[in-house]
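Per Swiss-Prot, these features apply:
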type	residues	note
ACT_SITE	Cys128	active site, nucleophile
BINDING	Ser21, Lys45, Ser46, Asn125, Lys163, Ile187, Gly213, Gly239, Gly240, Gly261, Thr262	FMN binding site
BINDING	Lys45, Asn69, Ala70, Val71, Gly72, Leu73, Asn125, Asn188, Thr189	substrate binding site
Amino acid sequence: MADLSTSVAGIRLENPLMLASGILDENGYTMLDVMNNGAAAVVTKSIGMEERNGYSAPVIVEYGDSLINAVGLSNPGIDNFAEEIRIAKRSGKPVIGSVFASDAESFVNLGRKMQEYGCDAVELNLSCPHVKGFGLEVGSDPDLVEDIVNEMKSKISVPVFAKLSPNVSDIIEIAKAAEKADAYVLINTVKAMKIDIRARMPVLTNAYGGLSGPAIKPVGVRYVYEVKKETGKDIIGVGGITTYEDAVEYIMAGASAVQIGTALYTVGKSVFRNIISQMNTFMDDEKFHSIQDMVGVAIR
């Protein structure tokens, strides 16, 4: 039997599958449930300094087997999130705190809180594509990205992950600006829109949102490949992973672990155990003894 354990920035995972930020991760008990169903770690919902209601419905629209969402970074605020982290930590598995802000000082304050609450790492949401003043507007500015990452690394002791956007002209430039991060998370959603041709208007209240799911997988695989080849840094791949083949593609492109989100909506929590079982069979058949044996093997 193959060894499915892996590590990212020194954090050991029993398998390479993590829950991505944005689904079943605002509540400690749902995070526990996901880990009990096979996820090796969870990433929390992106949390800001203050409570935020987000956009009014509709905030999600189906696009084939993918989704377009514009939830609007709704969250309870960092001071109201401590108990959810503590509950999730009962699993004994890594819990990564996702945070968003518009400036380095606020990011650092959020990171300190997540560390204080017991998070094993902090993921910087530098890439949400549908909220003004946050996410993509921050993550497309190399100087600001560098300032945020460097400040965070100097102020907290747990690993820092930088979640980067595909909606930029040069992702390598942004990755290099975030080079002091302990790992990259690639990719966030792709800016997208769906029109209701009868109503003659966008379906989402916010007009545009972020496309996730199988539709973006080739984009995610490409960026993991490019950034791994250029930087050699640990990478967590995310975007469209539904099957073991999807996960293996990301790993062969250079990811040490992957995150799963939309498949929780389209397939359900069984996606974790299904992928683990089928990946194990694949690795035995292909004579891969460990996840590390597969990481980056496709890079030329």
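From the backbone N, Cα and C atoms, a Cβ is placed for every residue, glycine too.
These figures come from a predicted structure and were not determined experimentally.
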Here are the binding-site residues: Lys45, Lys163. Which has the lowest count of other Cβ atoms within 10 Å? Lys45
Sort out the sequence-distant neighbours of Thr262 (FMN binding site) for me: same chain, 6+ apart, CB within less than 8 Å of its CB, listed by position. Ile23, Ser66, Leu67, Ser212, Gly213, Pro214, Gly240, Thr242
Comparing the binding-site residues Gly72, Gly213, Gly240, which residue's C-beta has the most other C-beta atoms within 10 angstroms in this structure? Gly240
Based on the record's binding annotation for FMN (Ser21, Lys45, Ser46, Asn125, Lys163, Ile187, Gly213, Gly239, Gly240, Gly261, Thr262), what whole-number value in Å is the widest Cα to Cα distance? 19
Greatest Cα separation in angstrom, residues Lys45, Asn69, Ala70, Val71, Gly72, Leu73, Asn125, Asn188, Thr189 binding substrate per the record, works out to 16
With H, G and I counted as helix, E and B as strand and the rest as coil, say where DSSP puts Thr262 (FMN binding site). helix
Cα distance (Å, whole number) from Lys163 (FMN binding site) to Ala70 (substrate binding site): 18
Cβ neighbour count within 10 Å of Ser21 (FMN binding site): 26
Rounded to a whole angstrom, what is the C-alpha distance between Thr189 (substrate binding site) and the residue listed as 'active site, nucleophile'? 7
Could you check which of the recorded positions (Lys45, Gly72, Asn125, Cys128) sits closest to Ser21 (FMN binding site), going Cα to Cα? Lys45
